[in-house]
């Protein structure tokens, strides 16, 4: 029952809906008690030969009126109770979403997207169910059951009631027991289904590879194995599910036999009338649902509690970027001072960065080079405050960047990530992602600057082409260039290209670099690259190795010094060979 | 049409089906007989006060025995129907899955992956509902309703005829409900799927959203969708509340009034039949349950039919991957490749290859150069027979490509793509792809050949290291090395490297360059590259522009020619030196 306490805040929030709903639900139960009573009256009048047309008309008219009332009340309670429950679903979904948008990457290291999606769909659904059907079941099962039984006790015969009720608790118990078993087995079946979905997903998304390696047959046989698993888990759930009806059937049968057997004896002894016995048996039938409801209640509560618990835990698990109380909102210029003696990622012992003491002057272009895993991306993530520094500080325009409002900080930076992520909307909206108010001209200009304008025009719908799942598939290079357009549209104080030119060809790379040099003379640009050609125009090049900057300088300086840069340069040159020699 | 096709799936199971049906029939007969028994008891034992303990006890024993028997039969038949449904869905899923494996890549290009996954998983699941809940319960309920009708006629033919009025009323209710609820539920489902898509995409792109400070805007979008979804939900609840349970219950009240009137008039004018009244109300009451169920199943039925339609559409899809012509067992043992006037256009008419001809001798290396969209990758895809050329001929070992078995093509032509997909699984299974014919030794040999062995051994669990989704624990270069090893494990005769080194840092690239020299030995090799450095020592370089080969020759001859290639080369060199 704790779940109802946990949800109390919501019941209070929606108390009007709940009060109306519950009152209506109780009214329905009361009115339903009336119909068997009318049958009794008519039967008794019939046996006593006192039935007249007037009596018959009067009572059937009353049944008709009660029928209309029941219809009305049923409509109202459904709309009120279920409406309230879905309101809760909506509320939780909103909260959940908002919570997620505030979390830092550390949070996403802990929670995988698939799991989060499951929380956002299944768990919210389960809680919704508890707040609607759960409440209904409590009212019906407890209040309804009590009302029916008291009518039987007070208006017919308490001894007969007691006898007939004997098997009923067994029903509540079995319903709850089956429910538990079923839940467990359904979960297994659900898991098997999820496994299958994952298999299928992987199969289809790597279709080229599967075809290239001729793996169709082995994929199929693996799928068949999965199918066996699905069949067996589903059947094991069905075996329990199929028990419900027969069990109810037998138990009510027993209860019914008792009422008829002892009831007739009571009738013969003159303790009750035949009409009362008929009324009684109808009530026995009406009791089935409350008993089942009681049995189900247990499961609903358990499921609701588990789901709500998971959601609460998730909503309380926070890893936001902490803001200082009075953050500075003035946009920093492109001057950056980096002092990081040592940085390790949360939950990791590996030193990701160390001994960094670096300065970026306004309007400079900085090149970051070094092998994969040497710390380039980590530095960018720290600049963007995706992770918190543990030692040292980063100063923007002489201000510790932790004191700058997060929003301001993010306005200052334009970021083109390594892994291009576009949204399933039009290309125009993707480019204008960070500045939705951008005019079509501005969007087009950004696309031209990123050398993707011509590509876009080749699509039938041009800038209105929808990308992603439901739209066209873009090549890696096109995605990268759209990501670049998205970032440069904002004309950020500091532009970061994180290996963002890897999928474009050499000519385009140079055109983009050229554009950056021209258009961003007055702003700071940071370029991470594997090809030295992308950074050789930079004012400073930092060479990373094992989290440290082992060398820095301009292209000319570094090319002369023996070291990683020179080696790499030579290697890239020998790979390309010198043209001069052969001309 | 769709329905008939769905029924056809039941055919192989007709024996079990018949058996289950007989069980169901007997159980139903008993279930209807029981209230008739009570009715008889009231009129013949209770009312005449003809109450002999022994007879009453016997009656009770028989009643109870029948009840237990019918419960048992109900259970047995339910399980049988379940089994049938499960094996039908199993069969259907396997059919769809294997169909998808046979489809052409052109089909995959046009169809979003999400929708294909839905066909195989969710749509079939919804069809399972059709068999389990709808078909089985439709059958059960119809038998039950017919049985009840028979029971009613036994009790009193006059009353029974009157009660038939119920059915057209019920039908009208159902028809109205369908009309009202269908658009609401359709909209609701589509909103829900939008909602989930939005959530999923937000999660995928969270870092971008945060860096661009778009949290508030997307939250507003989400809230809007959520609100719309809620409104539609309320509408759905209203439709349900207006036309489903409350309405059918009201109908039951109406029927009850008619019965009471009937009974009352008879009681006033003739003798009373309480037993009959009892039996009648009881049976009518029971007919409501199955009718209710049929009504509640209806939306699911509609959904299932739509799902079935989609699944069958996919099953009937004719856009198959190219098949082998004839049954020849020709093998690829030299690696001679020839393209003769090969053209290829996509289904939308866009010409990507225009009369391309070339011949590669066994063991040669050929470099394909050109801008994005010039047709480089298409040549490779045609060679792998992912697509069929629109015109012209591709010859392997001097024989038409179409005459080679798929198996032969897949094992003898090795492909490495730009973005290699790693599976969730061990390093070992990522290289060997769980091919039964590939031994551990071959896996290690392949890893050594491509120089992946040292880094694999450095992993905490070596070859048994589990690679998580997408291979996030490995650097892009390491992932690519694994992809190379995977290809080499099959010891292909022809090697195709499609931008295989684009995402690799320089050190790894050097490793890979060395590896490539070894890999190319005794193999015909196709290399597609943006960077000319990778193909410098190729035996032949084909320069493509808009689907045509515009220049061909060795690096030297091409540079001396002073054409496009020379320009490109100059530019790429210029970058490094200048």
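Here the Cβ of each residue, glycine as well, is placed from N, Cα and C on the backbone.
What TrEMBL says about this one:
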type     : residues  : note
DOMAIN   : A:19-303  : domain 'ABC transmembrane type-1'
DOMAIN   : A:338-571 : domain 'ABC transporter'
TRANSMEM : A:18-39   : transmembrane segment
TRANSMEM : A:59-77   : transmembrane segment
TRANSMEM : A:135-156 : transmembrane segment
TRANSMEM : A:162-179 : transmembrane segment
TRANSMEM : A:248-268 : transmembrane segment
TRANSMEM : A:280-301 : transmembrane segment
Mean of pLDDT values spanning the domain 'ABC transporter' (A:338-571): 88
Most Cβ pairs under 8 Å with the transmembrane segment (A:162-179), selected from A:18-39, A:135-156, A:248-268, A:280-301: A:280-301
Same-chain residues near the transmembrane segment (A:135-156), Cβ under 8 Å, at least 6 residues beyond its ends: 4, 18, 21-22, 25-26, 29-30, 33, 37, 77, 81, 85, 164-165, 272, 276, 279-280, 283, 286-287, 289-291, 293-294, 296-297, 300
Long-range neighbours of the transmembrane segment (A:280-301), counting only residues six or more past its ends (CB under 8 A): 1, 3-4, 32-33, 35-36, 39, 129-130, 133-134, 137-138, 140-142, 144-145, 148-149, 151-152, 156-157, 160, 164-165, 168-169, 171-176, 178-180, 183, 248, 252, 255-256, 259-260, 263, 272
